[in-house]
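Visitor: Have a look at this one.
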C-alpha cells in the first residue's frame, strides 16, 4: 500500500491530546477511521509527551507497533535491548521506529548541540552520531532477539506536524523486525509435561533478573526448557507493565501463570483470571489520609537526592519510594547502599505501621528503592488461591527474610521455599530439582 500512496515522500505528524483526541480521552471511532483513510494518501505518525503506555490508552494498543514518538525527549538505554514490533500493514500508522522500552537516562536534545556523545557513549554500536541540524526526535524501543542494526534518518523531505505546540530534536531511528507470533509448541508441551502436578513459581527481581534489569537471553531460553518439565509461573509486586519491561511483552504467554501486583492481577495461559482493587477495598478517604501523611514525611526526609514519583498507585497496592521511582539506575544503586547504612526504608515503614495500625496494612520492603503497602493477606500468598490444582508448589525468591517481599509466600505451608542469590543460582537450583532427575 505504501508504494501506491499519492504523496510517498510526505509525512503527516500529529500531536495526541487536543489534536487526535480530547484531552486524556480515547480516540473516537470516527477519528480512527479518518486516520486510516488519510494513510491512503500520506504517511502518518504521532508524537506525544506521554510514555507509550498512556499513548496506547488513548490511541489503542496497536499504536505501539508503528511510528510513534513518546516522551518528548531523547531517551537512552545504557544496556539497549530491542523489542520486536509488528509490520506496518498490521498497525494503526506507518513507520517502524525506536520507541521507549526502558527508561534509564533521559537526555534533552535541543538545537542539535553536542548530544551525540551521550548517545554514542551509551551504546556506540547501536546509534549513529546525531546530526547537528535539528529535526524531529524519538524515544527508543529496543529489541532483544535481533542483532543491533544501523540507524536510519527518517526519509521524508516534507514533514507536516499538527499539534498545540511543536518541538525539534535530532532523530535517532531504525527499523526493526516484525513481532514474533506464538507457536503451538509451548501449548502442546503443557499437556505432556513430566510433572503435571508440580509448579515452579518465581519472583522477578533478583531471581529471574538482576534488579530492574531485563531478563538475559540465557535465562529466557532456560525458562522455556523448564516448561517442558514442570508448570512455570511468575509473581511480582510490580504491575504488569513493569514486569513486561523485564521479562518481555509476551510474559503472560511465555509463562503458564503471570501474577502481577502479588497476584492481585492474575493471568493464566495468557487470559486474565482475576483482579482486586485497593481503592474499592480501602475507600478514597483512607487512601487520601495515608498518601497525604506519606508525602509530608518524604518532604521532610533528609536524603542526598530526591527525584519524582514518590508514591505509585497500583490496582492492589501502593508503592512508596523515598528517593522517587524516576531516579536513574546509578542513583538506585547509590540509594540502596545509603539505605543499608541509614535504614531509611525500615525507619519509614516503622512510622507508617504505627500511624496507620487501624488500617491493617502490610509493609513489604523490596527492590532497591521502595516498599509496597497493601492490606494484610495481599502479599504474594494472594496468588496461591489460583493454584489449588497443584500438589507441589516450589517458590524461588531472593528476599525471603522477615520483612522481605518474598517472606510470606516462602514461609507458607502451601509452598516449598527456595532462597536464591541470583538468576544464575535460580537456574542451577532448578536444573538440580526438575531437569537432572
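One is the number of the first residue shown, and numbering goes on along the chain from there.
Placement of Cβ uses the backbone N, Cα and C atoms for every residue, glycine included.
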Visitor: For the Mg(2+) site that TrEMBL gives with 203, 205, 410, 415, which of 379, 398 also belongs there?
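Guide: Between 379, 398, TrEMBL records just one in the Mg(2+) site with 203, 205, 410, 415, namely 398.
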Visitor: Besides 314, 325, 332, 370, 372, which of 39, 212, 227 does TrEMBL list for that alpha-D-mannose 1-phosphate site?
Guide: 212
Visitor: How big is the Cα-to-Cα gap, in Å, between residue 372 (alpha-D-mannose 1-phosphate binding site) and residue 415 (Mg(2+) binding site)?
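Guide: About 22 Å separates the two Cα atoms.
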Visitor: Among 212, 314, 325, 332, 370, 372, the annotated alpha-D-mannose 1-phosphate contacts, find the widest CA pair distance and round it to a whole Å.
Guide: 21
Visitor: Cα distance, residue 415 (Mg(2+) binding site) to residue 370 (alpha-D-mannose 1-phosphate binding site), nearest Å?
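Guide: Their Cα atoms are separated by 26 Å.
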Visitor: Going along the chain, which residues six or more apart from residue 203 (active site, nucleophile) have their CB under 8 A from its CB?
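Guide: Within the chain, residue 203 (active site, nucleophile) has Cβ neighbours under 8 Å at 234, 235, 236, 380, 395, 396, 397, 398, 399, 405, 406.
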Visitor: Going by C-alpha distance, which of the recorded positions 205, 410, 415 is nearest to residue 325 (alpha-D-mannose 1-phosphate binding site)?
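Guide: Going through 205, 410, 415 one by one, the Cα closest to that of residue 325 (alpha-D-mannose 1-phosphate binding site) is 205.
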